[in-house]
Each structure stands twice: as C-alpha cells, then as structure tokens.
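If you check Swiss-Prot, you get these features:
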{"type": "BINDING", "residues": "N188, P189, K190, T219, E251, G276, T277, G278, R339, R345, D599, G600, E601", "note": "ATP binding site"}
{"type": "COMPBIAS", "residues": "1-16", "note": "compositional bias 'Polar residues'"}
{"type": "COMPBIAS", "residues": "27-50", "note": "compositional bias 'Low complexity'"}
{"type": "COMPBIAS", "residues": "407-426", "note": "compositional bias 'Low complexity'"}
{"type": "COMPBIAS", "residues": "427-441", "note": "compositional bias 'Polar residues'"}
{"type": "DOMAIN", "residues": "178-314", "note": "domain 'DAGKc'"}
{"type": "REGION", "residues": "1-54", "note": "region 'Disordered'"}
{"type": "REGION", "residues": "407-445", "note": "region 'Disordered'"}
Amino acid sequence: MSINSDYNKENNNISPLNTSSERRSSLRNSLNNSSNNNNNNVINTPTANSINSSGNFSPKEFVSNIDGEEIIYQNQSVEYKQRLCTIQIKQSTLIIKFNEKGGFTKYLVSDTIVGSEITNESTNEYTIYSCVMNTLDVTKETRRRKQFSLRFRDRFELNQFNDKFVEAFLDTLPMGNPRERRIRVILNPKSGKKMSDSIFKDINELFKDSKIFVKKTVTKGPDHAKKIGYKFNLKKYDTIVFISGDGLFHEFINGLLSRTDFEQARKIPLALIPGGTGNGIACSIGLQDPMSCALAVIRGFTKPLDVSVIQQGDKKWCSILSLTWGIVSDVDIESEKYRALGDVRLILGAALRILNLRIYRGKIWYLPALELNKTEIAKIPKCSYSCEICESDNPISTIENVISQQQQNNTTTNQLRRSSLNNSSNGFSPKLNTSGSISNGNDDELRSMFSKEENIKIENEIHDHQNDDVLPLLKSSSDQHFIVPPTKLPNQQFLKETKEELFAKGWKVLEGEFIGIVASTVSHLASDFIASPTAHLSDGLIDLVVINNNKKFSKAGLLSVLTESSTGAHVKSDLIDQYKVQAMILEPSNDREGIIAVDGELISYGRTSMECMRACINLICRTY
C-alpha cells in the first residue's frame, strides 16, 4: 500500500503543488548553469576582494562562466564613484568595469538585487539596491543592504539602462517586479528573546529598497495567527511573512488549512524569518539570518513543504515539524518555565529530565515507506535547493535508485581496489540535479492576486478590518472572537482500523519500553537539534526516530544522544532506531501520564495518528 505519492486517490483528493521543471524561471536556470552552488556575490577582480563569500568556486571560474553569457546591454560612459566605467548587463550579473588602466571589475550577481530607481532626473542618477554578504564564512551567513549609485550622460541613456535593468533582473522574478507586490508581515512580539519588532525594523529597510507593499500585523495573544490564517483576504497579498519561532507558523497553518477555500489558499507563498527559540523550519531550509530571509522574500522563489495531519479521535491538527513523545516533548514543554533563558532552557531541561528519567510503555505502529536500515538511511542525499528527491514524481523510487546506485558503485570500487587496477577512490558520491528547479508556485494566479502599488505602506493592525473577511465567522460575544473549525485536509482514518486491518495493509508495530520518539517531516527542530539529517522538505515521508530502553541503555549514553543531536550524529547510537514511514500511530500505555506535543505544542495524552501530506504548502526558499 502507498499513500505517499499523490492525493488524487479516493480518500486523499488533495493534489501536491506543481513542482514541474516547466515552471522554472529562465533566469534561475542560467544562474545555476553559470555559477552552480554559488552564494550571491559582489566580486572584485583581479584581486578577488569579495564583499560576499564566493562559495565553492574560484573567482577565475566565476568570471569564465560569466564571460560566456550574452551581453544584453552595454554603456562605456557611466560614472560610478566619480570614475568612468563600462556597465554591462548579462542574464545573471551586472558588471561594472573601471575604464582606466589597471582598474578592477565588480560583478553584482542577480540573486542579490532587490530593486532600483531613478533617484535624480536632473543629474541622471540611478540607484541599485542589493543585499550582500557580510562575511567570507559561508557557514555563518549574514547579509547587509548595499547601494550602487550610477550617473549617466543624458536622460535617454538613463531611461534605456533602467528599462534593460528592470527587464533583466526584476520583471523576470517568479512573482514579478517587487514594486508591484503586496506582502503581509505577521510578528509575535513575545517570541524567543522578544526581538521580532527589532528584526522587522531592520528588514523593513530592505523591503523599502524593493518598493514592495508591506502590511504589518502584531499578534495579541494565543490563536490570533490561526484566526488570521482562517479569514484573511487571499486576494490582497501575494506572500505572508512571519517573524517568530515555529509556533506562530503552526498556528497560521492550522487556520489556513481550515478554510473552505484551502485548496487555493495553500498555494500562497509563506516565509518564516526566525525570531523564536526553536526556528526549526528556518534551520531546515538554511535561512537563519533575518536579512537573508528578507532577500528570499523579495526574490520570491518557492519550494513545496510537506504537512502532516495529526489526529486524536475527532480532533485534528496540522503539523509542519514533528510529533514528539517521551523525553523530547517532556523537555520541550516542561522547560517553558525557563523560557527567559533562551536556548539554555532546553539544555537545563534536558539535564533535569535525565536525572529524573521517565520510561514509557506503549506501541508504535508505522507504515514503512522504505525497507532500509539506518546505515542505508544515512546514505540518502541531504535535501538541497534543487533536490532530486523532492522534485521526483516518485520520491520512494528515487531514493531506492540512489541507494542501489551507491551500492553498485561501491562494489565496483571495491573490486577495482582489490585488483589494484586503480589506486584512487572512484566510489559513488551522490550529486543532486543542479539544473535549477525551484517551484514558483502558480505564477499567473499570483500575479493576478494583487494590483500595482507605487509606494510602500506600513500599517499596524490589531484586528482585521471588516472588508478583510472572506469567510463566514462563527461568532461568540464579539466580532473579535470566533471559533476556527478543524482542518479541511483529508486524511485516512487509521485510528478506526483494527490491528488485523493494519497488518493486512503492511503496517508494523514496535511494542515495549521507550525513552521517547521524534516523528518529523523536516531535518531540524531547532538550530541545535537535527532530528533527522536525511529528512526532505517535500518527499511525503515521515522520519521516525525511536529512543529505546534496551540492554545498552545508560544515562551517559542518553546524554550523548542528546548532545550529538546538534549535529545529527545521535542517529548512529545503539539506543536509536530510525525508519522512513508514510504514516504512524502512537499508542501510549495508560500506566503513567506523559506528554505528547505537535510542533512543540501540548496536545491530549492518548492514541494519536500522523499522516504526511506531500507538497501541501508553498514555502519561500533561497535559490543558491
């Protein structure tokens, strides 16, 4: 039985978001072909003093790739920093060459460009706005705003350059020119270290550079974001941005997928700018720097993200991270009292829980997606921006083929070594498809969802206005209070099936004593907690990690598991079993009360199912 690949089946009629290569932008393809895996750069040659990191390529390789591109526009008499320059526009780069002998050349890669404008018509001045790297260390990406001011000889040249620049770098973006877009920013002022408002002030300067329309909403308490997700006017915004931890995003998704028009609503691009304690989604997509996230919002490229349906009886929740039971949820929920300590609260909570360890009995039912042991699971390529597995029509077959290919190549390599025919290592190193396949969502629909707005506008909002409502509300005492109905996502009713029916459909069961479990659909639950290194954003699979109370158990070993989770190495422990599954059922024993959490939020303690819905929502991602 398979419930993973699509949702056009009788019981699952939700269709995954389109990830077809036909929807890739030509600009993105060119950038991948010319500078694969590059961080967006401003590079000065020949000295190669770069403002940004140059990633995994040398300046010579970069220049060679760019030299192969066609020149779209050229002007040899432009003033930059009071010096005469030649300006070239190519498909992926703006080039500024100083004309004097020995002058250097600047390359502004298109992925850093956020906007431009004619700043002074009387002096023919033009300003380009960008967001470039602060550091050469690509593992610690931080970005800053940077402006490039040019002066042209006359109005004709000024307008000609403006037309070519906008056409090449801004109009080609998936959601069109940023100045014609409308985004809504929702922030939680109490999230994490309470820095969300400060973060907004910083990134809003970049939004101003792009001339994007911004509406700011500050949440006023629990479930406010859920209510916004349920009733906001879908036609007013093309992107929803969150400044918070994962909790606010979780709330909004549960409102969004409760709408009667959820099939249309789920296509709207969503962006998460980390401002909380966990920030699992941001870490899973490699966007932990707020300014880098804002750049990604402006650029507007998206990838689909899996969502899981969690069910207990008639109650349902949507999950974007995980279902946890045992020590992980114990630490997460019980350490809330130490939230003022920031990330330290989890370390303190873990230490206290290990000293007073709880052992839980129960059953863990799961429907295998792949019959792989954890050594084989470790060989699955990690998710990337152009991910072969996430883009596949059948991720399970793709994973099986990758593992099989690795085994064949390893066998061949071993044979070559034994026969001494080749002393070098020719083992298979999995290379993901880098042709560029970031899904742009439904571009035509997105472009028609909003009208042109000339100037940026910031509106502080406590409650939506009456004309923002698009759905009938179940009112209580006032217009500000209403009940959001359960999620409309269709799921299979596994909790109603007997064990005989489950076994007949290929389910398996683990029974005994457990320290805890983590069932996740993304790699990270926090910056220092990589739950499953081989989890993918859109493969339709749940990574089930089980911490066993077996003969090899010790508190020292458990402490090692928790500390090594910061790198993902904990899955190698003898205490850990790992499975790639399509669905699972947790049956905790009633001999002691425990904690079950969905995305870090406490739910009732009892029999619980989890089912993954592939490519359910649209997430803003980077393109490099």
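Using N, Cα and C of the backbone, Cβ positions are placed for all residues, glycine too.
Counting residues per DSSP class in helix, strand and coil order gives 56 helix, 36 strand, 45 coil for the domain 'DAGKc' (178-314). Shown are the binding-site residues E251, D599, E601; the one with the most C-beta atoms within 10 angstroms of its own C-beta is D599. In the three-state DSSP assignment, the secondary structure recorded for D599 (ATP binding site) is coil. Within 10 Å of the C-beta of N188 (ATP binding site) there are 25 other C-beta atoms, taking all protein chains into account. When the binding-site residues K190, T277 are compared by the number of other CB atoms within 10 angstroms of each CB, K190 has the fewest.
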